[in-house]
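The active site, charge relay system feature in Swiss-Prot is assigned to H157, D189, S266; the stated evidence is similarity to another entry. As annotated by Swiss-Prot, compositional bias 'Polar residues' applies to 29-55. Per Swiss-Prot, domain 'PDZ' is recorded for 325-410. Marked as region 'Serine protease' by Swiss-Prot on the basis of sequence analysis: 139-302. Annotated transit peptide per Swiss-Prot: 1-17, in sequence order, evidence recorded as sequence analysis.
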Amino acid sequence: MALRGSHRLEVIFKRCIASPVFHSHAANRRSSQLAIKGTDPSSNGNSGQDQQNGEQKAKGWRRLVRFFVPFSLGAAVSAAVIKREDFTPTIAASKMTGRRRDFNFIADVVAGCADSVVYIEIKDTRHFDYFSGQPITASNGSGFIIEQNGLILTNAHVVINKPHTMVQVRLSDGRTFPATIEDVDQTSDLATLRIQVNNLSVMRLGKSSTLRSGEWVVALGSPLALSNTVTAGVISSTQRASQELGLRNRDINYLQTDAAITFGNSGGPLVNLDGEAIGVNSMKVTAGISFAIPIDYVKVFLERAAEKRKKGSAYKTGYPVKRYMGITMLTLTPDILFELKSRSQNMPSHLTHGVLVWKVIVGSPAHSGGLQPGDIVTHINKKEIKNSSDVYDALADNSKNLDIVILRGVKQMHVTITPEDP
């Protein structure tokens, strides 16, 4: 390949030499050099020595081309990367031809609904960044606009994390606004926010009842705080009961998808190929297993919230009486354990129960104590943990510290956490 590339470069260089422009400049340079030396450029008194010198120069040019041009190309590529904002693609889909036009259906979906997706940050008003002096980001998530006057839908666990926080929303165009919480249903894990701005792009709501397993879907959001991220997959199941996931007090049949969803995607939309939201991204168990709240269930929540607004009953910030640890967790049911063991060789074969930690709030007691996403809690204060209810019961206990036994991969570890009082 290297020889073939060098040969092509030589051909290109020879063509350049053959061009009139090259010869005109070359002739001018030769005339100038000969004039300086006091030699007549039209003289034909050159000998065989001159011909030999010309051949040596030609060989030198070839070596120079082989060495210099690849580095020139590399420099050009580097310059293109550095100045990539100057070359943002602006080709409309209607101007594309061939397969790009016929098969890029995911791009068509994104073009129609991405502007309505927002990035949500939860700021801790008690802790400030050393350099900027601004409140630090305690956690983040996603949401999407459902009314032009600034009403935003998201997950309750995104905005209800702990006391002494404020909510900020960043739109797809980069504008940032403070947000107020309008309504929260912690049982269904849904919430609405309001920002004071009008004429916003709105996400259309579809019907989750018409979904079929195997349908293409697109997940939009801000995983790991990376705004405007797009992933795609299919609906794995339309009827994944909350009891199968070990979620207490929830009577929801979740949508299961293999679209990549991770931390920060929570609250973002799961969209069908018509550009309609058919679910709200809620949780991830492992790669290829994620869940979303069906949009039909969300519509019931929105109707109730609208009735409350008509009656003038505003949402009052209320935090759980239980102590705060700072994790989002999922009960390991037999079905989920089977999926995890089939996908990962690091899962202990003897594991039959526990709670999976899939998110840890930065700066929380769990974070300070060393708990990490992916840890599996099996015991707290020597009591066996079989589901998330057992963890809540442990938090309700008056013990100052929680001695937690976890599985991290195949290793069993102990971490000590001191929950915050409400």
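Placed from the backbone N, Cα and C atoms, the Cβ positions cover glycine too.
Remember, predicted model here, so these are calculated numbers, not experimental data.
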Densest Cβ neighbourhood among H157, D189, S266 (active-site residues), 10 Å radius: S266
Per-state residue totals over the domain 'PDZ' (325-410) - DSSP helix, strand, coil: 24 helix, 25 strand, 37 coil
Cα separation, H157 (active site, charge relay system) to S266 (active site, charge relay system) (Å, whole number): 9
Between D189 (active site, charge relay system) and H157 (active site, charge relay system): CA-CA distance (Å): 6
Where S266 (active site, charge relay system) sits in the secondary structure, as DSSP reduces it to three classes: coil
Segment confidence, the region 'Serine protease' (139-302), expressed as mean pLDDT: 88
